[in-house]
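Asker: In case it's useful when we look at the structure, here is the feature table from Swiss-Prot:
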type	residues	note
BINDING	R23, Q24, A25, G26, R27, D72, Y147, T202, H315	substrate binding site
SITE	D72	site 'Transition state stabilizer'
Amino acid sequence: MNTRFLDACWGKPVDTVPVWLMRQAGRYLPDYMRVRSKCTFLELCKTPELATEVTVQPVDILGVDAAILFSDILTPIEPMGMELDFTPGPVFAKPIRTMADVEALKIPKMETDVPYVLDAVKLLRKELAAKVPLIGFGGAPFTLACYMVEGKGSKDFAALKKMMYADPEVYAALMEKITTMDMEYLNAQIKAGAQAIQIFDTWGGMLSPADYERYVLPYTQRLINGLDRTNIPVIHFVKGAGTMLEIVKQAGGDVMGLDWHVNLGKARDILGDMAVQGNLDPTVLFAPNEIIEREVKRVLDENAGRPGLIFNLGHGILPTVPPEKAIFMVDCVHRLSRK
């Protein structure tokens, strides 16, 4: 098996910088669209054989150094008692607004409530055995709360922030419950065979550093501390957190995910020996090849040869990116960083 990704997570020497892409199994790939055309998004998430097929596609097509389970961060929320639909974005029919709503949420039994996720992990370990490691993942408690309280995507998640400030007891009770669920969900993925875990906090960066420290950090800290992490690296990605890396680092984990709004070299100076993942602007993949190569080289140069770099985009790959651009980017990373 290609162990570059896991080695880099632990800061070990590698022959070339490993690379994978957030949302690498997705709409930009014709092979993915062929599978997706036969089912709904939720059916794809809930059918282990199909989830396995689309998870493996980018490994074979792009030549990336890790696979990430095909699923959605909101998958474990539905069995907590919230009706979820994708039309096309995520929508909860009845958002959480009161203490009674929080108390009505249950902690799912992962083996019986989301067996399709765990079955996909087991299938993937067999499928990928001679290829690359498998990353399991979940949403951070704060980002999950954003969707559960708002009921759908939002630019400012005002309903969640209103709860945070005006109903702190309800907010705390909700966050505690989500954190407990999240811990059990990610530990179930680890038990099923996930070789690394990524925690996505897509909306954590919309808070001030002080609010992040008060309202988010304790829960992410508790989540990471509660994972069965023996030989399982944890990647913590908070989009938009470039101004508060010192605080985010306190959450724990082994690898800090970085978006493209931060200079990777300066981030490494702040983070010390902690491994990092990132951080190319996803829209660079629309550029001519010479610009893609220039930007890949810039990120590698900012790293200055330090161990513990996993190359990635600063957020998910966009659906309209030509696949050949992603293939070229992966090749650039390997070629330019080869020892």
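Cβ from N, Cα, C; glycine included.
Tell me about the setting of these features in this model.
Answerer: Of all the Cβ atoms in the protein chains shown, 23 others lie within 10 Å of the Cβ of H315 (substrate binding site).
Secondary structure at D72 (site 'Transition state stabilizer'), as computed by DSSP, is coil. Other Cβ atoms within 10 Å of the Cβ of D72 (site 'Transition state stabilizer') number 18 in total over all chains.
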Asker: Can you tell which of R23, R27 has the most other C-beta atoms within 10 Å, given these are the binding-site residues?
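Answerer: In terms of Cβ crowding, the pick is R23.
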Asker: Given D72 (site 'Transition state stabilizer') and R23 (substrate binding site), what distance in Å do their CA atoms have, once rounded to a whole number?
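Answerer: R23 (substrate binding site) has its Cα 10 Å from the Cα of D72 (site 'Transition state stabilizer').
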Asker: When you look at R23, Q24, A25, G26, R27, D72, Y147, T202, H315, which the record names as binding substrate, what is the longest CA to CA distance in angstrom?
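Answerer: So the binding residues stretch over 23 Å, Cα to Cα.
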